[in-house]
Amino acid sequence: MLKHRKDPACPSRGFYTYEAFITAAYYFTSFARGRDTAARKKELAAFFGQTSYESTGHPKNTSIYTWGYCYKEELNPPSDYCSPSDTWPCVPGKRYYGRGPVLLKGNHEYGSYGQALNADLLNNPDLVSNDPVIAFKVAILFWMKPVPPKPWSHGVLINLWRPSTADIAAGRLPGYGVITNIFNGRIECGHGYDARVADRIGFYRRYCEILGADPGDNLDCYNQRPFDPVICPSTLLFNKE
């Protein structure tokens with residue numbers, strides 16, 4: 001599936017391994033363990049579709065959709081992403097730029113994710129780009145946890161999420177498009193066609209084809225209003241179920 005993860009052209013060459021993914025996935029007892037094989041394949045295709053887009057990097061004149069998991073760190077971060085916080089104060093000398101398959105970013109996220117995973121990511125943010133199991137755990141945790149008003153991607157995929165009247169009015173219907181809205185809706189959704197959204201769909205369709213999964217309906221978020229801004233929680237309300 002991750003055709004070029006060992007390619008010399010990828011800065012993360014050899015970092016993302018099958019063994020690391022399986023070890024991380026085992027920690028989450030409900031991840032990709034839906035009611036039947038079809039649901040499990042669909043969730044895996046969606047997870048890798050979104051995270052491949054976040055970590056993609058490809059040479060010119062090649063298909064982008066085979067170049068997921070090429071990067072493990074944000075390129076040229078514009079800042080250290082340190083925000084004032086009593087709960088998760090920045091550690092001197094540490095930088096909280098994007099790392100891992102979902103580009104974990106900011107001291108609030110490093111602190112809260114680290115607490116949820118029993119890993120001191122606030123003091124050791126480089127663990128997300130140096131330890132592939134931690135990198136995958138962070139990505140799966142992002143997938144599994146709701147942060148209101150956004151639902152959780154896992155719940156969307158296995159039909160646990162039911163759109164409210166406000167969601168329906170905003171065009172947010174169950175499907176892969178809502179997951180893009182969860183990942184980066186404020187930037188990519190609600191203003192018509194967006195090439196970034198199309199690329200996320202392209203990755204997803206490729207993995208669906210490989211796994212023999214039905215991609216379903218409502219794949220884009222072109223006409224979905226983004227979810228309201230999330231106020232960073234001090235603690236992630238999460239259990240592995």
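Placement of Cβ uses the backbone N, Cα and C atoms for every residue, glycine included.
It should be emphasised that the depicted structure is a prediction, and the values quoted were computed from it without experimental measurement.
Sequence annotations record features per position, and here TrEMBL assigns disulfide bond to Cys10-Cys70, Cys82-Cys90, Cys189-Cys221. As annotated by TrEMBL, domain 'Glycoside hydrolase family 19 catalytic' applies to 10-32. The active site, proton donor feature in TrEMBL is assigned to Glu54.
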Can you see whether DSSP assigns Glu54 (active site, proton donor) to helix, strand or coil?
helix
Pop the Cα-Cα gap between Cys82 (disulfide bond) and Cys70 (disulfide bond) into the table, whole Å please.
26
What number of additional C-beta atoms lies within 10 angstroms of the C-beta atom of the residue listed as 'active site, proton donor'?
21
Please identify, from the disulfide-bonded residues Cys82, Cys189, the residue with the sparsest Cβ neighbourhood, meaning fewest other Cβ atoms within 10 angstroms.
Cys82
Between Cys10 (disulfide bond) and Cys82 (disulfide bond), find the distance joining the two CA atoms and give it rounded to the nearest Å.
28
Looking only at C-alpha atoms, tell me how far Cys189 (disulfide bond) is from the residue listed as 'active site, proton donor', rounded to the nearest Å.
16
Taking every protein chain in this structure into account, which of the disulfide-bonded residues Cys90, Cys221 has the most other Cβ atoms within 10 Å of its Cβ?
Cys221
